[in-house]
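Handing you this structure, nothing more for now.
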Amino acid sequence: MDLCFRSLKAQTWGINKPSSQRSSSTHIRLFYRYRDLAPQLVPLDYTNHPDVKLPYELIGSMPELKDNPFRQRIAEVFSEDGEGNMTLDNFLDMFSVLSEMAPRDLKAYYAFKIYDFNNDDFICKSDLEKTLNKLTRNELTEDEVKMVCEKVIDEADLDNDGRLSLEDFQHMINRAPDFLSTFHIRI
Amino acid sequence: PHPSHFSPGDEDFQENHERQKHKGKRRNGERPKNKRENQRRQRSSKSVQGIREESQSTTERRERRRRRRGKEGEDEEEVNNDGEVRPELLSPEELEKLKEAVDEKKKLIQSLRGKPWPMKQKLVSLRESQLFVEKYEGALGKGKGRKLYAYKVMMTKKWKKFQRDFENFKTACIPWEMKIKEIESHFGSSVASYFIFLRWMYGINMILFGLTFGLVMVPEALMGRPYGSIPRKTVPRAEEAGAMDFAVLWDFGGYAQYSVLFYGYYNNQRAIGWFKFRMPLSYFLVGVGTVAYSYMVVIRTMARNANESGVGDDNSFNFSWKMFTSWDYLIGNPETADNKFASITTSFKEAILEEQESRKDDNIHLTRFLRVLANFLVLCCLAGSGYLIYFVVRRSQKFALDGLENHTWWERNEVNMVMSLLGMFCPMLFDVISALENYHPRVALQWQLGRIFALFLGNLYTFIIALMDAINLKRKEEKVVKYNITMWEASLYNGTGPENSTGPPVTIHPADVPRGPCWETMVGQEFVRLIISDTMTTYITLLIGDFLRAVLVRFLNHCWCWDLEAGFPSYSEFDVSGNVLGLIFNQGMIWMGAFYAPCLPALNLLRLHVSMYLQCWAVMCCNVPQERVFKASGSNNFYMAMLLVILFLSTLPAIYTIVTIPPSFDCGPFSGKNRMFDVIQETLESDFPAWFSKVFSYASNPGLVLPFILLMVLAIYYLQSTSKSYREANVELKNKLQMVTQRLDNFVLLTSYGSDFILNA
């Protein structure tokens, strides 16, 4: 909610404060991070809600994201057009969900969307295979990949339809001890 | 005419209401509805601040219109042009519905953060709800006590804002946050967890320091008798010559020994200063209080960690968790990412192997034999190290009897050096031995931690036993000194005149009075020396083992036969478990020695402060990320549990000495008493009214205490059994849930024909 409020304020003030008065609160920092990606595209004054979208290549080259194998999926999930081109709102959204303060259910919801490569609201076997190959950089053999995906479906699929729905995923991820600490980006 | 139906919480509530109102009233042709619509649309597209300004201006406009209408003498309307509702004219049910609507909007605002909507949608709905709440909440308060209501609402808002600002301020105040973030992004969450643990320990030591410094050291320094006024506060004549030497001071002798840093300096005067500060009582209570505070903090942290991990015993989602939670999104460094990819791959391969492999029975006997052999070797190691320490302590006692000046530096500091070196080399030995055992790496790590724990514990207790021997020696010496003092005093009076009792009192300089060996100060000194040498060893190991090694590997690499970076020495990894154990044992020593050396918490605070900066620098400069990334989450409670055990074990010796050994007769705040805890009895008798001590004596009657203890044991048993039954109920409910889902699924499959009917739960 703080992020919400402050992004509003950021937009009204027009962010034309000189750099010496730059405060260290999160919203201003995030706006400046967004702007630093492409200073020529992003204006300082947001009062007129300019329709500015940064292309995926710029987002994917941020230091926080560039080593993440799922960066493309993350950008696609949070962007309006589904292609990875993000407005300031999408940008703020993304980092607020991935921050420490976001509630567990919200993170689980977005994690599900990230791992659902074909956007069909289910994590099916092919999604699992893609996830696994991204995680291991294609080091595992085909048999091993198949075995792991079968095991995952075995473990987590509660309604026995051969793929993971959002409820299956949430049920499984809510018990994971590491989920909150790994699904977290600090910026 | 009241509106017949409206849906509360609907933005159209306003519109419906208005439309009903204005049905039959057409003045001046077209009602400026379009303008109102535009206003509303404009409002919802501007910012909150803009809205607030706008609502102010609309209020003004409203006022003007009302006045104008009044002048024209029109009928009083319930609703003016802007659709404001006057609730004194609404019926009670509508008031209720309005209240409900406002509450609903408030709830929506609260829960907005958790909704998975895109930011724009959230902002729009936030503005709408806020507008609605602002408009009608104030209005609801009109009528009865509206001023009070509005005031209450304003105060709640201000309080919430203050709380939010305070939370932000608190978060900004957390020290070293950026440093830890940097380490986290390079090395992952396990290494960062060590630094977070270090920071937590720093917080605890800060409180302990506050207690000992503020309530023990400062009062004695400011209000007690100054240096040199009484024998216990003065350096003895014999030692005066070398009292200022650096070597003596480094060893905490000389002027350092006769200062507020150690137990022996404190006077046993019951009340000091102009407001009668009870020094001995304060000393005793601070000693007890530091332990009590530590227990409370550790147990509270354990409980919090246990709550957060929830029902964490599940192993049923092994592969799923590996797939969805193994990538650490905090990683922002290509080297770490490479290592993480490699470790994830290895972990998957391991899990696959475990899954596929059926237990091979061929070499089970060999494996068992090797494991027994490994444990035997480890036990030999532990026994050997224990004996070595005992031997060395005995030798140092002999050296002390001969006088320390005749021996080399090594011989003087033998005990501490040996303990530190053992702590450095034995874990490596255990690591090599564990290669025989062929355990799963996680199990092997737990064995390793357990063995290192046993090693440190064994060493510490051997040290304590040796210390007890030294104490007994000093007490025997004390008896001799007491006897000598009576002889010496007699000789003094004999010298002045034949009449012993009527001779003028002889003034002796405090430095010349023969002194008893103050065993408490000796104990305090031993602990301080141990901590200092441990610190030095750690820092030197760090500089040599990590920094020098990194420098050598980096600069000798291009003129060496084999690749130093990939092959033998290579860069060192940060040993999380070893460092955490070191920290825990260090804290144990502080708890043990703080009663006899009030300076220990201050020393530890300084040490932790320096450690934080030094280790942060060393990690970033000389270490590489680990190959096998250690999971941080599960071990948090493990480290807390070890800390609790150490806390318990370290307070045992201190309690034993306080309860059984009589204090020295001429040094410390309890001198002259039979036992140290007699100070409590004394306080009860002299400082509290008579009935209090009577009550206390009744309360400490065994007839009352035993039933109380029995009651507590029963309460613990009851709570234990209820928690067990809750856990079982939990498991049963889980099973039932699965069964019901299965049944439903089967039912659906039976009643459908076609495989395209998919159940969406």
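We number each residue from 1, going along the chain as drawn.
Heads up, the Cβ atoms here are built off N, Cα and C, so glycines get one too.
As listed in TrEMBL for this protein:
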type	residues	note
COMPBIAS	B:27-40	compositional bias 'Basic and acidic residues'
COMPBIAS	B:51-62	compositional bias 'Basic and acidic residues'
DOMAIN	B:518-633	domain 'TMC'
REGION	B:1-92	region 'Disordered'
TRANSMEM	B:200-223	transmembrane segment
TRANSMEM	B:280-299	transmembrane segment
TRANSMEM	B:372-393	transmembrane segment
TRANSMEM	B:414-436	transmembrane segment
TRANSMEM	B:448-468	transmembrane segment
TRANSMEM	B:638-659	transmembrane segment
TRANSMEM	B:695-719	transmembrane segment
Which sequence-distant residues neighbour the transmembrane segment (B:414-436)? Criterion: at least 6 residues beyond either end, Cβ under 8 Å.
370-371, 373-374, 377-378, 381, 385, 388-389, 392-393, 395-396, 444, 447-448, 451-452, 455-456, 459, 463, 466, 529-530, 532-534, 537, 541, 578, 582
Against which stretches of its own chain does the transmembrane segment (B:200-223) lie, if we need a Cβ under 8 Å and a gap of at least six residues from its ends?
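Result: 260-261, 265-267, 272-274, 277, 279, 282-283, 286, 289-290, 293-294, 297, 301, 583, 587, 590, 594, 598-602, 604-605, 608-609, 612.
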In terms of Cβ proximity under 8 Å, which residues at least six beyond the ends of the transmembrane segment (B:448-468) contact it?
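Same-chain residues near the transmembrane segment (B:448-468) but 6 or more away: 378, 381-382, 385-386, 389-390, 393-394, 397, 415, 419, 422-423, 426-427, 430-431, 434, 523, 526, 530, 577-578, 581, 585, 588-589, 592, 638, 642, 649, 653.
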Count the residues of the domain 'TMC' (B:518-633) that DSSP assigns to helix (H, G, I), to strand (E, B) and to coil, and report the three numbers in that order.
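Residue counts in helix, strand and coil order: 82 helix, 4 strand, 30 coil.
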Can you check how the pLDDT averages out over the domain 'TMC' (B:518-633)?
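Value for the domain 'TMC' (B:518-633), mean pLDDT as a whole number: 85.
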